Amino acid sequence: MSKVRIYTLAKDLGVENARMLEILDGLGVAYKSVSSTIEEETVDLIKQILEEESAPQAQDSTPVAETPAAAQPAAPQAASSQPAAAQAAQAVAEPVAAPEPAVNEIPHRAPVVTIMGHVDHGKTSLLDYIRKTRVAAKEAGGITQHVGAFEAKTSKGKIVFIDTPGHEAFTTIRARGANVADIAIIVIAADDSLMPQTREAIAHAQAAKVPMIVAINKVDLPQADPERVKTDLTQLNLVPEEYGGDLIVVPVSAKTGEGVEDLLEYISLTAELEDLRADPKGPFSGVIIEGKVDRQAGVLATVMVQEGTLHVGDFLVVGENYGKIKAMTDSAGGRIKEAGPSTPVQVLGFSEVPASGEKVQSAKNEHAARDVIAARADVRRDQENARDRRKTQRTLEDIMGPIGEVRTVNLVLRADTQGSVEALQGILARKEGEDVKINVMLAGIGAPTEGDVLLASTAEATILCFSVTPSGSVTKMAENKGVDIKSYRIIYELIDEVDRLIKGNVEPVFEERYLGRAEVRMVIRHPKSGNIAGSYVTDGMFRRNAKAKVTRGKQTVYEGTIVGLKRFKDDVREVQTGYECGINLDWNDVMEGDIIEASEMVEVEQA
């Protein structure tokens with residue numbers, strides 16, 4: 001034996017990979033990952049260290065029996081703390097007073113894996129092969145395609161694959177604050193190498209900060225060139241292990257099954273190093289993978305259990321929606337009564353279809369669920385108001401970070417040709433300075449997509465377009481998510497925009513612009529919102545979150561913000577001249593006869 005892989009040695013010696021890496025660090029042996037090889041001399045040293053470690057344990061085995069007795073006095077403290085925690089419990093199920101277990105006492109959970117890549121590179125074929133060979137016969141009939149995820153059995157344990165196509169679905173989940181996947185598999189065809197969607201998939205995985213494994217598919221084809229793929233990956237600063245980097249690259253064939261066993265092994269090894277754990281006895285939390293309406297059953301939602309255990313009969317809260325679980329189905333299509341961590345289940349019981357990526361929590365009962373939803377609705381309205389205010393007050397420092405620090409400008413680039421993309425990247429590289437870093441999260445050919453908007457919204461990036469324009473749906477989505485899309489057909493104008501972002505030579509200048517005027521004709525007392533000014537708009541228009549000035553006679557008695565507008569019982573954004581409305585100010589001393597003037601801060605276009 002001249003050389004051996006680290007994970008193979010760990011398996012032979014019955015040692016966890018993490019412990020093996022600790023020993024190698026102590027010996028000063030360099031390695032890239034657990035798939036790196038080590039010399040026979042190093043193997044002998046490791047065996048010697050492990051033998052020495054096991055010897056003292058045998059000698060000291062007698063006094064260990066005292067540990068339980070020593071731990072007993074702590075029990076009354078745990079019991080006494082329980083009532084206090086019960087009183088502090090909120091409507092959504094939260095941790096109870098039992099002492100939190102140490103990290104090493106929390107059991108490991110199965111890794112959750114998503115597979116992404118360019119169309120026709122074999123993502124679906126690879127999933128189908130794994131499903132066919134690693135899932136029980138009763139599960140392999142296509143049922144799992146409706147559940148949105150499936151479980152594969154390996155020698156190392158269970159692996160959960162998310163069966164939701166497309167990296168945009170993956171980013172949709174992350175955009176709502178949930179990281180459902182632990183590992184991302186990037187599938188690249190050996191005869192095609194890197195394609196636009198491949199680069200996008202890699203960018204999305206990097207933005208999510210999840211470990212990546214590259215599966216070079218279709219190696220069975222005569223024209224397959226895996227080495228070209230590895231070389232092309234280095235252009236994205238992704239260096240395969242064979243080239244001295246730390247990127248795991250596995251040649252596979254979804255057609256013949258070649259390399260699939262190795263891929264599953266690497267997934268298990270990566271999961272072990274990530275030390276994935278979840279407490280099945282803790283409070284429940286999960287994520288919506290997908291939701292749909294079934295003609296016969298009604299609303300169905302696929303939930304990935306992340307913490308705790310889900311039971312039939314539990315009340316679940318998702319955003320401003322709730323439901324009681326009437327039935328649960330596992331990835332095999334069988335009815336189950338409970339599901340623990342890293343288990344995908346299809347849930348029947350919601351009245352509305354929940355959105356992908358929404359976080360799920362359990363509630364004690366229906367009343368508690370309704371209370372949570374009401375509170376969340378209030379929070380949402382406050383956030384909408386704050387977001388609208390920020391749109392008129394956003395400064396260069398908000399975009400780039402505090403002055404005096406190294407600031408990062410996140411960008412998504414879109415252009416009409418590859419040559420234009422490369423030219424823009426070259427220009428941006430020369431624009432970086434000591435105090436400013438330019439991070440091009442994604443550069444591609446063609447008009448910006450909804451996936452670009454999702455990526456930009458999660459990373460607070462600006463989308464710059466050269467000679468391409470976004471579609472109406474993409475523009476609307478960007479407006480809703482507060483993402484700036486700027487399109488140019490002259491390269492120098494785009495460069496000027498980059499200069500404004502980087503150097504800050506031109507900071508935004510705002511001026512106050514008159515909107516409208518209203519008379520207060522009655523004051524409406526509201527238990528939650530305080531006093532609302534029942535008013536008639538005599539001139540111009542009123543807009544929610546606009547600035548407000550209240551005058552009484554010749555005296556200005558209030559200056560602030562319009563926090564809400566109502567027409568009858570409906571919340572509205574605008575009210576025009578000649579209409580009555582309720583104006584909610586962050587102020588309760590409004591009186592009948594007062595005059596309210598509305599204005600807004602508008603950015604002045606500069607030469």
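Glycine is treated like the rest: Cβ placed from N, Cα and C.
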| note | Per Swiss-Prot, the region 'Disordered' among 54-93, 454-493 spans residues 54-93
| query | DSSP helix, strand and coil counts for the region 'G4' (217-220)? | reply | 0 helix, 1 strand, 3 coil
| query | When the region 'G1' (117-124) is classified with DSSP, how many of its residues are helical, how many are strand and how many are coil? | reply | 2 helix, 1 strand, 5 coil
| message | Given a separation of at least six residues and a C-beta threshold under 8 Å, show me what packs close to Gly117 (GTP binding site) in the same chain. | response | Lys123, Ile186, Val187, Ile188, Gln197, Thr198, Ala201
| request: Any same-chain residues 6+ apart from Asp120 (GTP binding site) with CB under 8 Å of its CB? Would you list them in sequence order, or say none? | output: Ala189
| field | Spatial neighbours of Val219 (GTP binding site) that are distant in sequence (at least 6 apart) but have CB under 8 A | value | Ala190, Pro226, Pro251, Val252, Ser253, Glu258, Gly259
